[in-house]
Amino acid sequence: MYGRYTQDLGTFAKDEAARLRLQQGHGEGGTPQPRRPSELLEYTQGRCVRCRVCALQCQRFLISKVGEDWVFLILLGLVMALVSWAMDFAIATCLQAQKWMYGGLDTNVLLQYLAWVTYPTVLITFSAGFTQILAPQAVGSGIPEMKTILRGVVLKEYLTLKTFVAKVIGLTCALGSGMPLGKEGPFVHIASMCAALLSRFLSLFGGIYENEARNIEMLAAACAVGVGCCFAAPIGGVLFSIEVTSTFFAVRNYWRGFFAATFSAFIFRVLAVWNKDEETITALFKTRFRLDFPFDLQELPAFAVIGIASGFGGALFVYLNRKIVQFMRRQKTINRFLMKKRLLFPALVTLLISTLTFPPGFGQFMAGQLTQKDTLVTLFDNQTWAKQGLSDEFEYLGILEAWRHPRSNVFVTLIVFILMKFWMSALATTIPVPCGAFMPVFVIGAAFGRLVGESMAAWFPDGIHTDSNIYRIVPGGYAVVGAAALSGAVTHTVSTAVIVFELTGQISHILPVMIAVILANAVAQSLQPSLYDSIIRIKKLPYLPELGWGHHEKYNVRVEDIMVRDIRYVTLNCKYRDLQHVLHSTKMKNLPLVESAESMILLGSIERAQVGALLSHQLSP
């Protein structure tokens, strides 16, 4: 049987070879024969069919690979890292240009002032105008809207290409102006828009990205990428995005967030090394606190005080921010005037803040010439600036010189900085430009921590004695604790502790940071909603917030206790007179449609305007 099988195979192979030779235009002896037109057409059609089959198989293979999550997440991380790096480069260039203009006019104070004030005013005005014209949805942080979208609410135009362009350009100009504004909130929005646009693009390859549930999962991962590539803090970014945007978090999205955020943070730091900004991949604000004895247990009460004070400070910041917005909206005259002159309010606010930070003027008492990044670098410095409050005992070098003033000590400078930046940041975040509040609050918290640290160093100039060993107090550690505590109090998150560890590259102060952040959250949550929930209330977004402390008895309230019972409705068999009576007796925008007055089974609802239009069309106006 085996021999017969091989014989059949051999015969088949010979016949197939002969058939192929004939197809290719060879005779039976193998000599080339001219093809007839009909044979040529059949041959061409056969090849076309085979090419189509191959192309279809390749397309299916590509779709199966492109449709996988890891490809999408790599693309998202890569795009966001490039966007973050490009924006940082543009912002640094803008800030450097302002310094160059200010430094080049050092012979004339008036010209210096004009350059210092005009530059940020022009940038902020351009940012406000550009955003207003292209996409007004790009104004503000973006996290409140993302919280609402992740709850399943559809907000029109919030995740479009137009909004993406407006957000990126507007945010670059706003941060390049040097105003006390942040980039963390807007980056969450930018990453979410990136994910939505990528989903639409990849839906060309397959229908898997048209699934709404899958898109929500990818948006949750994008929120983590936004924080991850902003601070090069992937772990803190994932935890922060979960705390801020989600009430219920699907664990299956956990790896997506970590994978995309880690890849994005890695590429972001690699680009910094490639551009010669850094020698190697390192933390953004590298600290060098001692590791053998970072703090004494007797310092823990001071860290606890920072946490409690930050809780009150965070609640006050949220309250002040909300009151400024409400004041602007309730004053009808001011509101009407600003609606007509939309660019006037941002220009006036920028003019005020830049005037107060002018270095030869009042800015000399609050280190006005330092950018936010330089301010953080100096505040995290591990040297003690003043012993017993005397600024002469410390040699201020480089950018630290900004904190020195011949007629006042470092404590006065820090107090003035904290008080001025506090209301300035609360006011600046109400400007209609793409901006966040995390970084300004972070800097204010670091300054407050530094103030407490310097005070401790002044009270205990030789450090706290423990077992005959003397360890001097490190004020920079207090600054780290203060930054985490105040930013955690404003946003109602604990993950700011992890973000701080990743930003500084040290975990030595983990215990004081956690104590301060938890205490700050406990105080702030009992007094005010988070900044994002406060903005949700101001904008009246369709989002059900969590009940705060002291309101837990409201969990027992039922729907029947608050619902309206006497409501007008339309039945399926109602007449014109009934419809007219309903329209005249109520001003509701939507009318419920029921099966009959007896059964009262709800079938749906119809808009009042549609009923009016149908009546006009069917009968007469």
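Start at 1 and count along the chain as shown; that gives each residue its number.
Each residue, glycine too, has its Cβ placed from N, Cα and C.
Nobody curates TrEMBL annotations by hand; they come from automatic prediction.
Copied over from TrEMBL:
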type     : residues : note
TRANSMEM : 70-92    : transmembrane segment
TRANSMEM : 113-135  : transmembrane segment
TRANSMEM : 187-206  : transmembrane segment
TRANSMEM : 218-242  : transmembrane segment
TRANSMEM : 254-274  : transmembrane segment
TRANSMEM : 300-322  : transmembrane segment
TRANSMEM : 343-362  : transmembrane segment
TRANSMEM : 438-460  : transmembrane segment
TRANSMEM : 480-503  : transmembrane segment
TRANSMEM : 510-527  : transmembrane segment
Result, the transmembrane segment (510-527) in contact with the transmembrane segment (70-92) (3+ CB pairs under 8 Å): no
Chain residues outside the transmembrane segment (343-362) and at least six past its termini with a C-beta under 8 angstroms from it: 102, 109, 112-113, 116-117, 120-121, 124-125, 127-129, 132, 177-180, 328, 337, 368-369, 402, 420, 424, 427-428, 430-433
Remote residues contacting the transmembrane segment (510-527) - C-beta distance under 8 A, at least 6 residues beyond either end: 295, 299-300, 303-304, 306-308, 310-312, 314-315, 318, 477, 480-482, 484-486, 488-490, 492-494, 496-497, 500-501, 548-550
Folded-back contacts onto the transmembrane segment (480-503), same chain, C-beta under 8 angstroms, at least six residues removed: 227, 231-237, 239-240, 242-244, 283-285, 287, 303, 306-307, 310-311, 313-315, 317-318, 376, 379-380, 437-438, 441-450, 452, 509-510, 512-514, 516-521, 523-525, 529-533
Other parts of the chain folded back onto the transmembrane segment (187-206), taken as Cβ under 8 Å at six or more residues beyond its ends: 62-63, 66-67, 72, 75-76, 79-80, 83-84, 138, 141-143, 145-146, 149, 158-161, 163-164, 167-168, 171, 215, 218-219, 221-223, 225-227, 229-230, 241, 244-245, 434, 436
